[in-house]
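Scroll down for the structure; my scribbles are underneath it.
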Amino acid sequence: MKNSPIGVFDSGVGGLTVARTIVDQAPTESIMYVGDTAHAPYGPKPREDIIRYSTAIADDLVARGAKMIVIACNTAASVFLDKARELYDVPVVGVIEPASRRAVAATRNGRVGVIGTTGTIASGAYQRCIANLDPNIEVHAVDCPQFVPFVERGITTGRQIMGLAEAYLEPLQDVGVDTVVLGCTHYPLLTGVIQLVMGDNVTLVSSSEEEGKEVPRVLYQEDLFNDANPEAESLDVVDANVVNDYAGPEPVRTFESTGDPHRFARLARRFLGPSITQVSHVEGLTDM
């Protein structure tokens, strides 16, 4: 079980921002990544459809031996996380809890903005999670439905996306938030635009980065680090990157798409660079 891969899935390429952090934080771990581009974006879809898509993909990953499931999609995590933890005997890591913890720690004035898909914002998942952590924090949530389609088309700079960001983020500027949660794993590709609009004095919390950091913590807690990792007496040893001296077999990282694998590969290289040499079409999931 320890040497099995980590299963990661998202509605498209956005979850690769999570995969990139996992690679940085746990470099000897193998990964199976599925991007459900056949059904992207998840944001505007009905809750029942998102749960159905997510269940089919997670079932497939577990059936292929994943030792952990990472839901690298805020929309999916907002409606599927609790169900997934009931369904599977492996740890399931979501994105909302770690990002919320970071936002609560980061805010100085107690006003936090959350941006995400329509589905994520409508679910109230971030609002509830942050309120549970600190009920005194004001949470101002804004849905940004066009951000994901722009990122999926590879458009992350330029006048059009800048104008869109200014319109979406104006309500957060008006209430004076000092921290903004990027509540979609596609949004780190828009960090430059969002930071420019919000200003340097506003802290951006990447849900992707926070979820990626959560993975080695859970691996340690569940004693699931693979045999390539050193014997660690605490998580601090793992965080110290002592694994860098390991000279054993290379981890296996596979990337699959329910849609066009060639288009996925072109976009995916913006997230993980040339390490993505091949993307396969995953069979049996497109008719979910």
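Each residue, glycine too, has its Cβ placed from N, Cα and C.
Taking all protein chains in view, 35 other C-beta atoms sit within 10 angstroms of the C-beta of T185 (substrate binding site). Residues annotated as substrate binding site in Swiss-Prot, with sequence analysis given as evidence: D10, S11, Y42, G43, N74, T75, T185, H186.
For C73 (active site, proton donor/acceptor), the count of additional Cβ atoms within 10 Å of its Cβ stands at 36 [all protein chains shown]. Residues or ranges marked as active site, proton donor/acceptor by Swiss-Prot on the basis of sequence analysis: C73 (among others).
Taken from Swiss-Prot, the feature active site, proton donor/acceptor applies to C184 (among others). In sequence order, G14, G43, N74, T75, I115, G116, T117, T120, C144, F147, V148, S207 are the residues near C184 (active site, proton donor/acceptor), counting only same-chain partners six or more apart with C-beta under 8 A.
Residues D10, S11, Y42, G43, N74, T75, T185, H186, recorded as contacting substrate, have a largest CA-CA distance of 12 Å. In this structure, the CA atom of D10 (substrate binding site) is 5 Å away from the CA atom of C73 (active site, proton donor/acceptor). Within the same chain, residues at least six positions away from H186 (substrate binding site) with a Cβ under 8 Å of its Cβ are G12, V13, G14, T17, F147, V148, V151, E152.
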